[in-house]
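Asks: Please see the structure below; I have some questions.
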């Protein structure tokens, strides 16, 4: 009997309900709550329809961009953001923010290929950032993160170590977009917190980005299906999904989170370089595993 797809819809519904409760109880501002709810609902609905049929890839991408643009506008834009201790990006920052959201929601779909991986990434990332919010005593709402972690954990129990249900595009895209919006909300607070988000998401960002670049440079179409991500290669080498998913959890908690913590608590003038430090071993691993190579 085939494993049912689309089980992640429960994550979407439970988190949207949690956001509604936070808004009603005035623990979350209406515009932040509605940004997350409307954008997340549209992407989840699009993914659900794609799970149960087929949506033209260009139409799907166009909707992704429209949703991302709407989210960036709703958040007030990012023209005031400065990088490298003084370089103001102006309107370019808004373009980068849109591209960031579109890429994150798509890469999350690419990386949802073995049992538990997408759930573990979401749980460890949100829990890590919630801890940072608490330790730094920021004005950001950590309830948004703990609630998302709790919703995803409920799904993880059914998807790992043995998958009784699969997440589906409805949930993977929803998670990617939601995590991206939460990261952009942190960018409104300061650049170091945004860099911490990018660091904590490092495994997914590096694997998906490196693999895509390698495949495009090798002459493959960027939208062709394949099984040459680092995590897929490792799962074949190790003969199981479980050790790969657990290894990713370990990397997130023992390597990426400490760097994110140091970056935000030590008030580095150039937190961007911390992202590079965090990513270098991950890039080396992708190269070592020959990610993007169909023969790997």
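Using N, Cα and C of the backbone, Cβ positions are placed for all residues, glycine too.
A TrEMBL annotation is a machine prediction, not a hand-curated record.
Straight from TrEMBL, here's the annotation block:
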BINDING   109, 169  Mg(2+) binding site
TRANSMEM  7-24  transmembrane segment
TRANSMEM  30-49  transmembrane segment
TRANSMEM  61-79  transmembrane segment
TRANSMEM  91-110  transmembrane segment
TRANSMEM  117-136  transmembrane segment
TRANSMEM  142-158  transmembrane segment
TRANSMEM  165-185  transmembrane segment
TRANSMEM  191-213  transmembrane segment
TRANSMEM  244-262  transmembrane segment
TRANSMEM  268-287  transmembrane segment
Asks: In the same chain, who gets a Cβ under 8 Å from the transmembrane segment (91-110) while lying at least 6 residues past its ends?
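Replies: Contacts of the transmembrane segment (91-110) (Cβ under 8 Å, skipping residues fewer than 6 from its ends): 43, 47, 61, 64-65, 67-69, 71-72, 77-81, 118, 121, 169, 172-177, 179-181, 183-184, 187, 201, 204-205, 208-209, 211-212, 229.
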Asks: Of the listed stretches 30-49, 142-158, 165-185, 191-213, 244-262, which one has the most C-beta pairs under 8 A with the transmembrane segment (7-24)?
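Replies: Maximum Cβ contact count belongs to 165-185.
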Asks: Could you name the stretch, out of 30-49, 61-79, 165-185, 191-213, 268-287, with the greatest number of CB pairs under 8 A to the transmembrane segment (117-136)?
Replies: 191-213
Asks: For the transmembrane segment (61-79), give me same-chain residues lying six or more residues beyond its boundaries with a C-beta closer than 8 angstroms to one of its C-beta atoms, as numbers and ranges.
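Replies: Residues packing against the transmembrane segment (61-79) from afar: 31-32, 34-35, 38-39, 42-43, 46, 88-91, 93-94, 96-99, 101-102, 105-106, 177, 181, 184-185, 187-188.
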Asks: Let me spell it out: take the transmembrane segment (30-49), skip the flanking residues so only those 6+ beyond its ends count, and list any with a Cβ under 8 Å from a Cβ in it.
Replies: 6, 9, 12, 15-16, 19-20, 22-23, 55, 60, 63-64, 67-68, 70-71, 74-75, 105, 109, 141, 144, 168-174, 177-178, 181-182, 185
